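These features come from Swiss-Prot:
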- I25, N45, D71, N98, Y162, K166, V195, T197: NADP(+) binding site (BINDING)
- S147: active site, proton donor (ACT_SITE)
- S148: active site, proton donor (ACT_SITE)
- Y162: active site, proton acceptor (ACT_SITE)
- K166: active site, lowers pKa of active site Tyr (ACT_SITE)
Amino acid sequence: MASSEETPRSLAGKVALVTGAGRGIGKGIAVELAKRGASVVVNYNSAEKPAQEVVDEIAKTGSRAVAIKADITKVPEVSRLFQEALQHFGHLDIVVSNSGTEVFKPEEEVTEEDYDRVFNLNTRAQFFIAQHAYVHLRNGGRIVLMSSVAANMSGIPNHALYAGSKAAVEGFTRSFAVDAGHRKITVNAIAPGGVKTDMYDANAWHYVPNGKPGMPMEEIDKGLAAFCPLGRVAVPQDIGRVVAFLAHPDSEWVNGQVILLTGGSVT
């Protein structure tokens with residue numbers, strides 16, 4: 001990871017909403033935006049205590065934050081989330097749709113419930129988050145959606161459900177970028193590879209050659225790091241820093257793009 005330095009508060013005066021921000025990648029994004037001066041809405045669904053801990057961590061950076069509970073798979077909840085965010089901070093400049101879930105299951109065993117659970121959160125929710133962002137963002141705002149390297153990977157078994165749910169988001173990104181352009185709102189997606197979170201801990205062994213359940217985490221990290229020219233796996237801060245760039249005015253000419261965040265990994 002790059003060395004730690006005092007971060008310029010280049011997003012001072014901006015307000016960001018990050019879904020699924022109580023842990024993992026979402027937490028990393030929320031904290032990096034806050035370090036740069038943004039006020040942050042920390043959305044969560046069930047993990048109230050971790051979300052409040054993120055708010056407390058943000059306060060230590062000198063930025064403001066509020067935790068708002070909302071189940072973003074339900075459109076009325078999405079609407080309420082945006083209304084409460086606006087009531088608290090007055091405006092929105094940046095919306096990051098981060099929430100997601102992952103399933104590995106043989107295609108013949110996937111149930112309707114599996115399909116709906118994955119697509120409701122990974123795909124449907126992201127559409128309506130982006131829709132509400134378009135309606136409520138100030139002109140010149142930023143929308144960042146969450147895809148995955150899995151959307152374009154081949155050779156990973158039992159992965160169609162997750163890969164398909166993320167591939168759809170890439171289509172949303174390109175289309176929304178066209179529709180939002182007249183308001184100078186940019187829309188991009190990020191597509192991370194493995195990032196050290198609780199989801200990584202549960203599923204990363206699937207991506208390791210000859211991986212198996214119960215593999216020691218050190219072996220998993222070593223196996224995945226071997227694919228990366230930088231010799232390591234990602235941490236949430238890596239993803240947050242890229243989102244912070246996309247949120248910055250300097251990123252205006254980056255629009256309608258899906259940005260792979262793999263450290264150059266080739267798998």
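Just so you know, glycine gets a Cβ as well, placed from its N, Cα and C.
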Cα-to-Cα gap, D71 (NADP(+) binding site) vs S148 (active site, proton donor), nearest whole Å: 21
NADP(+) site span - longest C-alpha distance across I25, N45, D71, N98, Y162, K166, V195, T197, in Å: 24
Those binding-site residues of I25, N98, K166 having Cα within 10 angstroms of S147 (active site, proton donor): N98, K166
C-beta crowding around D71 (NADP(+) binding site), within 10 angstroms: 18
Fewest other Cβ within 10 angstroms of its own Cβ, chosen from the binding-site residues N45, T197: N45
Reduced DSSP assignment, S148 (active site, proton donor): coil
Three-state secondary structure, K166 (NADP(+) binding site) (per DSSP): helix
Which of I25, V195, the listed binding-site residues, has fewest other Cβ atoms within 10 Å: V195
Helix, strand or coil at I25 (NADP(+) binding site) [DSSP, three-state]: helix
Number of other Cβ atoms within 10 Å of the Cβ of K166 (NADP(+) binding site) across all protein chains: 26
